[in-house]
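Engineer: Quick one: structure below, then a few questions.
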Amino acid sequence: MRNQMNPQIERIIQNIEKVMIGKRTVAELSLVALLANGHVLLEDVPGVGKTMMVRALAKSVSAKFKRIQFTPDLLPSDVTGVSIYNPKEMEFQFKPGPIMGNIILADEINRTSPKTQSALLEGMEESSVTIDGVTHILDKPFFVMATQNPIEYEGTYPLPEAQLDRFLLKMQMGYPEMDEEMEVLNRAQKTPPIEELEPVVSLSELKQLQLDIKDVYVDETIKRYIVELAQKTRTHSSVYLGASPRGSIALMKACQAYAFMYNRDYVLPDDVQYLAPFVFSHRLILKSEAKFEGITAEEIVKRVIARVPVPVQRLVK
Amino acid sequence: MRTVNSKRDWGTFFLYAFGFVLLWEWIRPLKELTDTGYLYMFIFYIFLSFVMAFFHVRMWISSPIKIFYILSCVHVLYLEEAFFSPTWFKGIFADIINNFGLVLAGEWVELTNVFRTIMFFVLIWLMTYLIHYWLLNRKRIFLFFVVTLIYITVLDTFTPYSAKEAIIRTIVTGFAAMGILTLNRILTKENIGRDFSFSKRWMTLLSCLIVLSVTVGLIAPKAEPIWPDPVPFIKSLNDKSGGGTKTIGYGVDDSQLGGDFVGDNKVVFRAEVESKHYWKVETKDYYTGKGWIASDRQSERITFPIESVVPIYDFEGDVEVREQEAIIEPFISYPHLVYPFGVRQAHALDMEFLEFDPSIEKIYFENNRSTIGRYSLSYKVPKYSVTKLKQITSFQQARLDRMFTQKYLQVPATLPVEVKKLAEEITKGHETWFDKVRAVERYFDQAMFSYSQKDVAVPGRNEDYVAQFLFDTKVGYCDNFSTSMAVMLRTIGIPTRWVKGYSGGEYKQLGSNSRKVYEVTNNNAHSWLEVYFPGSGWLAFEPTPGFSNNVSLNFDTYKQETPKAETPAPVKKPEPVKPDRKEEVDNKATSTFSFKLFWLKIKLFFKNEWEWILITGLALALLAVIIYRKRSRWLPHYLLFRFKFKKNDDSFGLAYVALLKQLELYGLKRKSDQTLRDYAKYVDTFFSTREMTRLTDRYELLLYKGALKNGTWEETKELWENLIKKTIA
């Protein structure tokens, strides 16, 4: 991309890159989700640096970082927090759970029971949790990065489609390249650099950034392009259920954040094309025939993009 | 949804009424124009259909009623068996099945009246249903209204049907129906309930508008018709007894010459001959002052065997002759033969005798039978010696038979004396008959005479046909010229006769024995005259401008004057395709409608010039294809020029889109899913520049942000021009 990045965002990314090697794309996309007030679903195997990524992000924006390791026996109260009777005070005292943070890593979300999953997902959707009849407003910004292990199926509770819809983006971390991995080893010999990270953006600045992206202009032509893409996923022959209007909104918001990141106050079709696979693929339900053929949702989104013409002229009204 | 009751309101009632009136207008003219009778039956049928539709009579009730009505009508009109008896049914069914066969065979004329009536009822049934559908479901009647108007106006223009009131009726009912339908549509669309006061106001306004527009239409001054009423002309075509314009062709009656005629290029016959010449059918000798008749009206036909010598003696003495043969292939069957000057014998395969009318020198086939079989003719083409012709100077020398001179010098007593004076004046200073004849012939070559088939006068009761042409109108066709010359020569004592036949025709192809085939059409019908020279015989002359007969003359010792029309070698002036004779018709109404002539001219133009039209058309098409295929060459120049003087920033978007198209033509194709940025990079890589990217940045701003900085076009013009120029290379 030719455009210069927004300086504040550039600083965050550079900060993350101090500890994460070769993961600029993931950092960018995570920031897109953070700026667009969305959440991220990371689908990857353990040990590729998901936690590191989230912690680095949290540190860079001086946000409260919390981590929840989901296990089959985790209870909703373990996520949201619990009221405990304090004999000294003679009353129940609320002990906030890990959800009461700014940036939360929900590790292996598919390993816990749906009940616990919904406790997190409710918080993600409503920005609040209700415990013992008391509604607790969550901190702002509130950003969840959930991970899902794609290879283990025994004893997992795959997220239902409706809940997958809550995530703005879904992406893979991927293994590092040869050189990158060697550099990782080099750094691991010394003290973990994560401890030395300094915040580069204050929380209030981040909130301001989240407000700013709403001003990014989305032209009618672009909106139409987004809607056409969404509609094409609905009519695709391999798709059982296409992207919902919520998906179209998510794509538009992600595009706004992405354009803002690159210092633009308007959205390009390039942004749409780049982000659409991340936004749409987890929202599609494929037909079983397509699954048998080994077609992935990402491929379908790419085919849809190839089929919808890019708007290059003003709409004729 | 409105209930059935509300549907059956006054608006619907009026709609049906108007639909009924409109359909009635279609039936009305039938009485006058066709032989359809008992129209009230059909009209009542329409009425019945609409009434049943209005009261929502169910299909299974209304259809049997209609069928019963139709069958009753058929019964009343045509059938005699007991109504609804088995034989009656059998008869009807047999008739219908029989007629279906005829329809499939295309034998339209054979269809019985019963069947046609039933079919007409079925048609009306369909129409009533269609109108019902238009009015109530589509709520639109405009199409039907316009078609009705066209129907009425066309009938009014081209048939004797007078649609004066019909137009008013149609306009009123059509407007009213459309007004009500519009109201219904608005009510449905805006979801307004049936508001009585609203409808009432609407109706009042609608009535006022209709009354106003009809009144204005009635009292407003009307433009004159831009063409004359074609009805008399069409009538004259349909009805041989009426009309003033004649179609060209061969007619028998020449006693009333004059009047217009229109051309007709029906082929009469094809002739295979050695050289082109005129074809005679008959000659006439008695001039009445209005036209020509035969002097001997009591003569009997002579029957003679085919192959024997035809009793026509066109020349005498020791005239030099050439034997020739012609084969005639008739396309239109006439009872008479066409024959060349100097005919000797006729040959035909299936014919034994010919008949000959000596009074007009007309040869008929046996028993007046009309044939279209081929026949051949052998004839002698004379070559008169001019020296001998020029020896004839006066009547005495001719020593002609008294009967003969009476016959061929006859002029009516009513012939104005000016004709003779004019003839004498023209021939003054010429001694010999030949020179005199030539002088009179030349007289018609002057510019004051013009050839025309239009606006040719018919002599009045006390007028002479020749005098009118010579001194008054001076406009005419072959009849005028040939008759005038024949009569003028007679007044100065030179025997002449008037010949009718066909001119040489149009060359078509090469025939057998190096002969040529000419096609003679009705347009070639012609008249000319023959002059008698004692000692030589009859010699044809051609006073009509633009025509030439190939007469062979021997100019052995005759060198005083350069001959004008007749040269020793057969002259082949291009034959002007001019219709030249006409069918005589009694009634001479003065209609100048010449639609057919106009059409003929267009057809002639295409017929004569079709090669050029085809070549030009093909060349233009080829040129267009080449220009289109090579557009990548010239389009950039055009674009450069087009945007050169544009200062406005609005041009930027247009220019960019034009550039995209041009780049595509150049071969840098953008995939439909390729973004402009990507494409710009691709283009820039191709041209090793950064121009496209810079230009695209601006265009993205315009397109995806809807904002453009002032002066963008001025700034980027150079980039744009550079890119366009790159596509030229």
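In case you wondered, yes, glycine gets a Cβ from its N, Cα and C as well.
The model shown is predicted, which means the values in this text are computed figures rather than measured ones.
Okay, so TrEMBL annotates it like this:
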- B:572-583: compositional bias 'Basic and acidic residues' (COMPBIAS)
- B:470-545: domain 'Transglutaminase-like' (DOMAIN)
- B:562-583: region 'Disordered' (REGION)
- B:12-27: transmembrane segment (TRANSMEM)
- B:39-55: transmembrane segment (TRANSMEM)
- B:67-89: transmembrane segment (TRANSMEM)
- B:114-135: transmembrane segment (TRANSMEM)
- B:142-161: transmembrane segment (TRANSMEM)
- B:167-187: transmembrane segment (TRANSMEM)
- B:202-220: transmembrane segment (TRANSMEM)
- B:610-628: transmembrane segment (TRANSMEM)
Engineer: With a Cβ cut-off under 8 Å, give me the same-chain residues at least six positions beyond the ends of the transmembrane segment (B:610-628) that come close to it.
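Structural biologist: Residues packing against the transmembrane segment (B:610-628) from afar: 634.
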Engineer: Take the C-beta pairs under 8 A between the transmembrane segment (B:114-135) and each of B:67-89, B:167-187, B:202-220. Which stretch has the highest count?
Structural biologist: B:67-89
Engineer: So, by DSSP, how many helix, strand and coil residues make up the domain 'Transglutaminase-like' (B:470-545)?
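Structural biologist: Counting residues by DSSP class gives 24 helix, 34 strand, 18 coil.
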Engineer: Out of B:12-27, B:39-55, B:142-161, B:202-220, which stretch touches the transmembrane segment (B:167-187) the most, going by CB pairs under 8 Å?
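Structural biologist: The stretch with the most close Cβ contacts to the transmembrane segment (B:167-187) is B:202-220.
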Engineer: For the transmembrane segment (B:39-55), what are the same-chain contacts with Cβ under 8 Å, counting residues 6+ beyond its ends?
Structural biologist: 8, 12-13, 16-17, 19-20, 23-24, 27-28, 30-31, 61-62, 65-66, 69-70, 73, 76-77, 120-121, 124-125, 128-129, 132
Engineer: Quick one: average pLDDT across the domain 'Transglutaminase-like' (B:470-545), no decimals.
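Structural biologist: Mean pLDDT, the domain 'Transglutaminase-like' (B:470-545): 86.
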